[in-house]
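Per TrEMBL, the feature domain 'UDP-N-acetylglucosamine 2-epimerase' maps to 38-376. Look at TrEMBL and you will find Asp519 tagged as active site. Annotation comment: TrEMBL describes His571, Cys581, Cys583, Cys588 as Zn(2+) binding site.
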Amino acid sequence: MERSEKSLKRLRVCVATCNRADYSKLAPIMFGIKSQPEIFDLDVVVLGSHLIDDYGNTFRMIEQDEFDIGSKLHTIVRGEDEAAMVESVGLALVKLPDVLQRLAPDILLVHGDRFDALALATAAALMNIRILHLEGGEVSGTIDDSIRHAISKLAHYHAVCTRSAERHLISMCEDHSRILLAGCPSYDKLLSAYKRDDYTDIIKSWLGDDVKEQNYIVALQHPVTTDIKNSIKIYDLMLDALISFNKKTLILFPNIDAGSKEMVRVMRRKGIEQHPNFRAVKHVPFDQFIQLVAHAGCMIGNSSCGVREAGAFGTPVINLGTRQTGRETGENVLHVRDADTHNKIYHALELQFGKRYPCSKIYGDGNAVQRILKFMQSIDLSEPLQKKFCFPQVKECISQDIDHILETQSALAVDLGGTNLRVAIVSMKGKVVKKYIQLNPKTFEERIELILTMCKQAMADAVHLNCRILGVGVSTGGRVNPQDGIVLHSTKLINEWSSVDIRTPLSSALHLPVWVDNDGNCAALAERKFGHGKGVENFVTIITGTGIGGGIIQHNELIHGNTFCAAELGHIVVSLEGPECMCGGHGCIEAYSSGLALQKEAKRLHDEDLLIVEGMTVNNKEQVNAVHLISAARLGNSKAESVLHTAGTALGLGIVNILHMVNPSLVILSGVLAAHYENPVRQVISQRALVSAQETKVMVSELEDPALLGAASMVLDYTTRRTY
């Protein structure tokens, strides 16, 4: 009877919010709790800068969201210096016990790294109240780190945003079974609200009717309490740079940390509040702030919003100073660690303003709230409250799963071939979890539409396959600018596919970062991560298929060249008067050794009745191709043998040229003709290469899908940090 009654009891959850920033993370969870009254009982406690007029009295937005605020605690001691922060913590500790004793929550939700949150965690821990800490384990580089980690040690349960944060908590001896890899709750709203139809009205309401999308700046900078003097200097220089840059700017007042008053004085000394290019405000409602950041030409400052939420939209960000040092960031963030004049910041604005970057999901995939609510329901209130620390450091562990929480980090790989369009879900270990194949349409619009349809289907299937999609990699023929995700010149097999931006439509529609590269380069990347090239510093991959392509890895990096034309290995010339190539030249390797070249020779021999030998048949309806040529040669056809000998020699000579140019330690032959060319290539190297290059290893690839695996490796291996 007692157990039955306990199981029917609603879970009493207290959510305590201290400022506008943490409310943006807590509000989605609060809405989720409120939507399930049969399971949860919600109490809301408001304290800190929410209740101060200078910071916008932001408690009103909580009331506007129709939450009943059970307790309002005035806990801020004015002064905005280090002593005032300490006194504010003390005042909160004096006032909180009565509130927590009256509410008697089963769980207290505490967010982040603010000094107010430290007071909440301290009071709850001493009063034996279970604490669920959101966004622990992250690293930013200021006093916030110390506060955040202190709260983590007081908390009993953790909901983290990233895999790195999870590992940090495990290395801090937190029990991995009490850590949930959820993602950031604010992303649940970000990803669904990005495409609001009225965003232009929001921009106009805050910045004026003449301001256009991506033609304004959002500025938000807070003091660094461990280095107040330098952070004020950076703030001063930022304002000078913004004035010189001469773009409409929405600037928010700094938070309540020590040093904020000095920052406000700097702002007023420069006349920012009266300047025609600036709109200075204390607070913007979160749903409107999302739109302003999403459609800005640039965001500048040191707010965590810049290194976290802005990445979901691909908004370019300039992160100033040290407040966010250590944060995981998308490639949209450019760091200016320090500056002596405003010129450096101005130059960063020139580099970033108006750009768009791939959408990043480092901090969430839009399903955090659902995971957190299930996690809270799984908490056994009958368990002893005393924390258990895991000593020594836990080895590679997986956080607790709730139902179908996605665990296997994976990529969507797209291979744009001449005939087929292929999409695959590829795991971190190179396993093709599921593959999708469709005929490749002829026009750009049809191709993009089909790619999106197939990718969306794969993303939906990924949920059931227990895969977490990190991004999209695209392998395509032709010359590619991988920096911008543009196919510059396509091959003849893929018509109407030149000067095409593939990255933008895919990233915008799928809300995922997108990488694009040439299929030969992708084959080399696949070998580097999953094949014979793993751990090899310098190697070359040669693709022998319909055409001849490849990629060059030097010092573990892929070579692209000045105009992205490096590693066009099929167009190395081995004869001044050789057959015509599809590129328009003569004597290229591809004109001798590609599948198309062999097919052409097979047709010529067949037309002259010189192909078919005893033991070999060709159906009249069957198209003669390279396979028939190889079969004829194996059955003793001297003409076919001569063609294949020439083809193997041409390929071998091209590879000898490569050995003499880049001196790799390994050559990997890939593609349908690779096994056939292995011995001829070795023979030519032994006969024609310099002695110092004759020992170069030649191997046949063992990868089944190098184009797809290479496309996936761009996603799985990407680095996110950029430093300026």
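Even glycines carry a Cβ here, placed using N, Cα and C.
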**Study point:** Extra residues within 8 Å (Cβ to Cβ centroid of His571, Cys581, Cys583, Cys588), Zn(2+)
**Key:** Gly570, Val573, Met582, Gly584, Gly585, Ile589, Glu590, Ala591
Check your understanding: Who sits close to Cys581 (Zn(2+) binding site): which same-chain residues at least 6 apart have their Cβ under 8 Å from its Cβ?
Key -> His571, Gly587, Cys588, Glu590, Ala591
Check your understanding: How many other Cβ atoms sit within 10 Å of the Cβ of Cys588 (Zn(2+) binding site)?
Key -> 29
Revision key, fill the gap. Counting every protein chain shown, other Cβ atoms within 10 Å of the Cβ of the residue listed as 'active site' number 27
Exercise for review: Ten-angstrom check, please: count other Cβ atoms within 10 Å of the Cβ of Cys583 (Zn(2+) binding site), all chains counted.
Suggested key: 15
Exercise for review: Within 10 Å of the Cβ of His571 (Zn(2+) binding site), how many other Cβ atoms can you find? Include all protein chains, please.
Suggested key: 20
Check your understanding: Distance between Cys583 (Zn(2+) binding site) and Asp519 (active site) at the Cα atoms, whole Å?
Key -> 17
